[in-house]
Each structure stands twice: as structure tokens, then as C-alpha cells.
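**Q** Sharing a structure here in C-alpha cells format.
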DNA sequence: CAGTGAGCGAGCTTCCGCTTGACTT
């Protein structure tokens, strides 16, 4: 039977809407985007692979034509949609009403190719029966200008990410990434750390006292702080700048009095016998309105403050609540509640708190988000009447998050909190002649309103909205005495580091990122190693300083904090049909008279000095200390003493950049050995033996006395793979230091045969003739006979025998040669004896067939015969391998260092 | 950043925004 096919983005939404539309409609979901630019070479269509722009999948030479593909995991879903479309007599594209949703609708149309049936665009902003039925009755056409705007966004992000990232691979480190969003997020964290590094603390003193209003007051004792001395304000933290100096006042000079310890204490003793009277009582009404209902970012912030959840945990708990029908959609930038939701919230207010807490008219909340697309409602309990947390039967994190959402939603429809704020000034005369004024502040809330249901958390130690401080009911002229008085020292604090939640807030304020990506932005900068977490604080790694420096020096416009906001302006113009995609992308990529293009910028970067980029002076030029970001992590270089070599020392990975002061750097340089483990004294040489981590992995070495001649080199030996810095003993070390071991002499030539470990693993050496060994244990265990046997065989055969094929597949249809799978230095590969082809990411030894192997070999053959690799290339590869090993072992070494 | 000798398969990394299972333990 024929039906109308409705396609929405989310399966959970499809279920709900299916119920509202009834029979005659089949509601399915697209599960997000159904097509995209290919991710990597494996997904790129063969016909564009060899184009100069194949890697981008955008024909930058012809109108920025994109080449979209349906990702592997979406193919079966597309078939399912096509199947449903066969029996449909009408198609409703009901994806979200925002830029991405419009694009998904167009991709669906372009991919499903419905024939001879009407296609309508259907939109709604809330999932209620009335809204859905109205949307079905009033469809519109696809907005191609909006689709163009989305494509511009998508292509610009691809060009930015896939052109700039390779610059980082060449100049900083392989595997890094740059992008419109992540690079700015990283920059925010780096810039904050720079502020902290430049920060100079100021110290200031003040007087704090407890005052006594007398026995006729219920609230007798209350605290007050010194406010003025002879009519001049006493300096507090906010009077100091980041440089530790007093900020200038209106007159151009500081118009406050800065108390130091001596003066504060002198004043305190001069006030020992002072009596005070009330100089003024100022009372102001206090009023606070409820917070808007949750959107993604505010939910993430509050879940972090109140429940200690990371942004990704918050989102996955919310996802489960959404899928099970407890809350509305959790990725939204809207604070709007549907009419049904307002009614539900209001009825719960009167039910739970009484009608005196209910405002006469419903409250509405305008969006504070600048580029809000408002495709969804605010995040709220689902349904036309809300379940209280107890009624849900939820437990654990889901219960706590639901409770938070429920409370916030209900509170948003409650009355303001009102009360009084009171400031009391007390005056007195010091024995030394000064006139002093103390100040006390209080707050009394007379009607709690929404605060009864919900109080927002704070990131710093600001007073909470519902906090009350009661003061005695004093009048001007009343006498007051000081019960106690003390001089206290304070220091100004550097600006706080970002947390996940405050960074996300900052990004939202700057219109960077979208609700669906905030949590993953954090994951990206954590995974790339740009940032790490120390408690909840986000600390930048030194490599983030290098990357941010490269981008700010060479891609200034792209990493500008305003870049995304100005892009949004252009996209809006395109969406209104006032600008066009190709013109904008051409300007972005190739440049124009007023703007430098990305492409000429990237190709002209050969002369970036990678070494300089990774060098950061510590302290002043006189200190001569540099921090450098190397392949193996950050290290310090001491002053050049003219010897030609500078002292080097590792910087612990978890030392925050703002703690690397000149003193700390000198301390690290004084012990350049870094993390080393003392194993004992060598029984023969009498020298101390230590184990440490080096460029080529963990090793043991003797420590020469300080007065030893410089040309003396200590003996060293790499640990075997079977050993670790955690478990190495002095005995092991002595054995390793004794290498190479003399196995014996060749009876024919008399040449000595030795066994040792080298760059390519364990091997035997006889003069210039070397042979690999299969295991490290053979270095200690192999006998002369066995060694001679190895030497009796030609070099190559021994190696081939050592690596039998992992799998035999049969004969190649082209060459007729047997095809086998082997494990090689670069991973698993197939070979027909002449050509070798590495298995791709999606291939496996278990799953590979002869057909697939033949395909890979055919591709390989097309590239021509194997080139003889240059010596340089081979060396580089080997160094890379070692580097990986080093990194892997580094953590192990650290653990040991801590234990001891 | 410790320095130790071959002879030979490189291919991939990466963006931002939509959205869920599919995997394993």
C-alpha cells in the first residue's frame, strides 16, 4: 500500500513523530548526514585519486566542485531508504531547519533520486502533536541558497584543515592537525597560559574585624573590612593589574592607599582602643530573575560544576535520556520552550511550590547566542506534563542529570527572588590620628521565588545567588565596638585556566563550534596532545605553543578569534542569495587584492625555520636558557658557555608551562640526567650504574666521575625488549654493559665473532660481515657452533626462512605467481614475488581474499617497478621507528622515577 | 638527548557537523 515517506535526522525523533502522524505515513531517519567528502585515500573515488586536488576531493581548478561519497557504514541505510521510497507516493524531507539540516535534505534528494512523486520540505521547531501536524500540512520547497551556504562552510573547513595540517606535519610533528575550530580553541588555552606566565602577583594588606552591635540585637556580631583611611579607599585585589602594579585611577595616578604589612599592623594596634559609630546604612532592593532553560553549553557547564561530569559524559548521559523519551533533544542552541512545555512547567510550579511562586504571565527567553539556528527547543523534560525525578525510576547519572534539567526548567517559570542588600559603614579614629571607615555588606532574601527550586553553580568563589548574610538592624549614629581586629596579607591571583566547561562557553560566545561539536572539540585538542587535564583545568602542552606560534605568524587571519564570526556573516549573505559560493571560496583559497589566499600561503612556506619555531626563551636573554620542543618532548638548553655544546635537560611532561620559571629551569639544568634510576655500583669498574630513557629507548650506563677527561665516554647498553626500567637489576645492567660478547673465533680466518644489539636488533659481527639473530637472548646464549652455522649460510636465505608467509592466497591472475601475505617492517603486505602491496586500513589478514590481493597488486603494478630507495629514506624510517618505541616506554620510566 | 651494521614494500596522518549503533570486554 502506498504511503508518504517522512525522513527526519534522528531515529528517536522518527519514533515520536510516527506516533503523531499515524497511518498513511512512514517516518524514517537519515541518522545525520548521509554523504560527505571522503575522509582519506581509501574512501576517495579512483577517478579523482590521481588529480592534483584528489586529496581534497574538491576540484579547486573548476568551481570548487566537491566529490561526495556515501560512507561505508551508511550504504545499507541508504538502500533501506530507497526501498521505502519505492512504495511511497510522496516524500517529506523533514530534517532540522538549519543550515546542516537543509543540506542533509538536499543530499537525500540527490542520492535517493525519487521519480515522479512530489517532494516537499517539512520543518518544525518542537516535537508536539500540533506542531508536527501543522508542519505536515504546510510544507515548503528546498532552500538551495541555504544549501549553498552549508557547502561553502563544508568546503572551507576541508580546505583549511587539509591544507594547513600537512604544514604542521612537515614543520612540527607528523599526525598533528589544524582547523578553523580546534586551532582557535588551542590558541585560547595557550594565550591564557601566556597571561599566567606574564602575571606578576601583588601583595596587599587589609584589616578585618568582627564587630559587636550590642546585646539588644539578635544578630549581634558581624564581620567588616577596612574600607577607607582618611577618606581614601584601601587597595584590594581589583586595584592591581596583571603586572602586579596598582592600576591608575581617574586622576592618572593610583587613587587608593596601598597597605603593606608594617602599615597594616601599625594601624591595627593604633585601633586597639577605638570605638566606632555607624556612619551610614544604605539599603537597596535585591532582585534576581530565573536562569533561562538549558541549551547544550549551559547544560555542560552546570553538569560540570554540580555533578562533576565532563562534557562528553554529560552528552552521552543526555543521549540516553533522549533516546528513552525522558528529555527533549540535547544538541541545541535554543532556550525556547514550546507552549506545552511552558504549561507543564507552570502546572508543576503551582503544584509543588504554590501559586504564589507562579508569575501571572509565562516567561519567555530570547536567545543570547549570536548565530543561534534555533532548530530545536531548549533541553527540558519530554512530554506535555513533566515527570518529577522520583516518578522516572531513573538511577545514577541519568537520574542526577534529569533532576538538574527538570529543576532548571521548572525554575525558569517561577517568580523572581527579591530581598534587600544592605551596606553599613562604621567610622572611628585611630590613636595615630587617622580616620578609618569599615564596611559590612549583607543580603536578606524576603521571597526566594525560583531560588527555591534552582541555584546556579559558580566557577570561581563568587557568592551564590541564594547566599544570605544577615547584619544587625543598625541606624546611623549607633555605637559599635570591635570585638576583634586583625591585619591580613593577600596576594593577587593569576587568571584561572580554562576548564572544559569554561572553554566551551568562551567558544560559544565567540560563535565558534556548534552544539553537536563542543564535546568533541575538547576531545580533539586532548587527543592531539595540544592540551592535557590537570584536575579539571586545561593546561597547554609545549607543542601547542609551537603550533599556535606557526599559525599566528604565518596564518594570522585563519587563527584570528574573529575568523569564524566573519565567515558566518558571509554564509548568511550566501543563504540570502546575496553572495555566491564560488566567488567566496576562490577568494579564500587563491586570494584577492584585499586578502591573501590559503593556497599561495601554504606553497610558499618552505623557509619556515622549524628549529626557531620550537624555541622559547625562558627568563631574559641574559639567562640564556631556551625551552625547545623536540620530537621526544620538551627539553631545556642551558647558556652557551663557549664549549660548543649547551647543557640539556628534560622537562617533565606534566610540568605546566607557567611553572617553568627561570629558577625551576636552572634546577632542572643542574641535574641534566633527568629521570634516572640508580642500580648500584659496578663490581669491576666501581662506577655507579644507572638506567634511563634516551633517544633510542631505555638503556643503562655507567656514570663517570666529574673530573674524568671529556673524551672519556661511559659504556652504555640498550635494554632488551624483554626488560623494562621498572624491573632492571644491577646484574642485568652489568651483562648489558659487557656487550659486545665475544662468541669465539672463526677457526678458518681466526677472526673474532661477537654478538650484540644494534639498530636493527640483535646481530653477529665478524669483521665487516654481519648476520641478524632472531632473538635478543641469543646475544648471551648463542654458541660458537651455532654462530658458525649461521655464517655458513648465505645472507639472504637465512632471512627469508625467518619470515614464513602468514597466509597463502593462490595464484595472481595477472602474473600467475603465488600470492602470499607477509608481515613486514611497515605492517602486513601481499606479494607475488615481484611486487609488494601493503594492506590498507580496512583489510585484515583474516578477511583478505585473492581478489582483494590481486586488486592491491594491480594498483601497485600501475605505479611501476619498485624504486631503489635512497639511503636517506631508509635512515629516516629507522629513526622514526625508534622514536615510537621511546615514546611508548616513557610512561613506564616515569612511574619508576616516582616510586623511588 | 646514547651512536651501533644491512639492503630493501611505504602509505598515512588531517577538517567540521549531522547522527547512532557496531564492535569488544
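Using N, Cα and C of the backbone, Cβ positions are placed for all residues, glycine too.
Annotation source TrEMBL lists site 'Interaction with DNA' at A:33, A:153, A:154, A:157, A:162, A:169, A:331, A:528. Per TrEMBL, the feature region 'Interaction with DNA' maps to A:177-182. As annotated by TrEMBL, active site, O-(5'-phospho-DNA)-tyrosine intermediate applies to A:329. TrEMBL lists A:863-900 with the feature compositional bias 'Basic residues'.
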**Q** Using C-alpha atoms only, work out the spacing between residue A:157 (site 'Interaction with DNA') and residue A:33 (site 'Interaction with DNA') and round it to an integer in Å.
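**A** So the Cα of residue A:33 (site 'Interaction with DNA') lies 16 Å away from that of residue A:157 (site 'Interaction with DNA').
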**Q** Within a 10 Å radius around the Cβ, which one of these recorded positions has the most neighbouring Cβ atoms: A:162, A:169, A:329?
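**A** Sorting the candidates by Cβ neighbours within 10 Å, the top entry is A:329.
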**Q** For the region 'Interaction with DNA' (A:177-182), provide the mean pLDDT of the predicted model.
**A** 98
**Q** May I ask for the distance between residue A:33 (site 'Interaction with DNA') and residue A:153 (site 'Interaction with DNA'), taken between their Cα atoms and rounded to an integer number of Å?
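**A** Each residue's Cα considered, residue A:33 (site 'Interaction with DNA') and residue A:153 (site 'Interaction with DNA') end up 15 Å apart.
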**Q** Can you name the residues of this chain that are 6 or more positions from residue A:153 (site 'Interaction with DNA') yet have a C-beta less than 8 Å from its C-beta?
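**A** The answer is A:99, A:567, A:571.
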**Q** How many Å lie between the Cα of residue A:162 (site 'Interaction with DNA') and the Cα of residue A:329 (active site, O-(5'-phospho-DNA)-tyrosine intermediate)?
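**A** Each residue's Cα considered, residue A:162 (site 'Interaction with DNA') and residue A:329 (active site, O-(5'-phospho-DNA)-tyrosine intermediate) end up 32 Å apart.
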**Q** My understanding is the cutoff is Cβ-Cβ under 8 Å with a sequence separation of 6 or more in the same chain; which residues meet that for residue A:528 (site 'Interaction with DNA')?
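**A** Counting only residues 6 or more apart in sequence, the Cβ neighbours of residue A:528 (site 'Interaction with DNA') under 8 Å are A:175, A:176, A:177, A:182.
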**Q** Just counting, how many other CB atoms are there within 10 A of the CB of residue A:157 (site 'Interaction with DNA')?
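**A** Residue A:157 (site 'Interaction with DNA'): 15 neighbouring Cβ atoms within 10 Å.
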**Q** Where residue A:331 (site 'Interaction with DNA') and residue A:154 (site 'Interaction with DNA') are concerned, what is their Cα separation in Å, rounded?
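**A** If we compare the Cα positions of residue A:331 (site 'Interaction with DNA') and residue A:154 (site 'Interaction with DNA'), the gap is 19 Å.
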**Q** Work out how many Å separate residue A:329 (active site, O-(5'-phospho-DNA)-tyrosine intermediate) and residue A:154 (site 'Interaction with DNA') at their Cα atoms, rounded off.
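**A** That comes out at 24 Å between the alpha carbons.
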**Q** Just counting, how many other CB atoms are there within 10 A of the CB of residue A:154 (site 'Interaction with DNA')?
**A** 19
